[in-house]
């Protein structure tokens, strides 16, 4: 014969199981890395395996390809890393390190998974031609010069327009 107490106990267990069912998908979602986080984790692995003296840091990340929603499916990635001033033996994060002037640039391609618990990567990096690094520096410097010139032109236009306004004499 069931008692009222048994009914409350069964109701509590049902409630606990229902809450667990609602919370578990949230825990799984929280363990999925973003595309960039997965690439940064792969770069950490590259730095650990590297025999080079200094750490590498993300220089350029190619746009994220269209992907399925399964975090366990390997996702294609391609990015460029550049040598930093920080020695590989440091405990410092590569993101906190400045790029080394004329540092080695590597082009990396492969796959990463976004599952944080079982995250994996298969990346290979090739030394980029020096021309590529110089080209990147050229574009960066050109952008700075164009920005300065643009500001100067805007200021000259403003000055010209101010001079067009009729002046009233007091």
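A Cβ is built for glycine as well, from the same backbone N, Cα and C atoms used for every other residue.
What Swiss-Prot says about this one:
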- 1-30: signal peptide (SIGNAL)
- 86-97: disulfide bond (DISULFID)
- 108-125: disulfide bond (DISULFID)
- 150-162: region 'Active core' (REGION)
Spatial separation of residue 125 (disulfide bond) from residue 86 (disulfide bond) - C-alpha basis, Å: 19
Beyond the flanks of the region 'Active core' (150-162) by at least 6 residues, Cβ under 8 Å: none
Whole-number Å value for how far residue 108 (disulfide bond) lies from residue 97 (disulfide bond) (Cα to Cα): 19
Collapsed DSSP category at residue 97 (disulfide bond): coil
Neighbourhood of residue 108 (disulfide bond), C-beta criterion under 8 angstroms, separation at least six: 42, 46, 77, 78, 79, 80, 81, 123, 124, 125, 126
Reported mean pLDDT - the region 'Active core' (150-162): 89
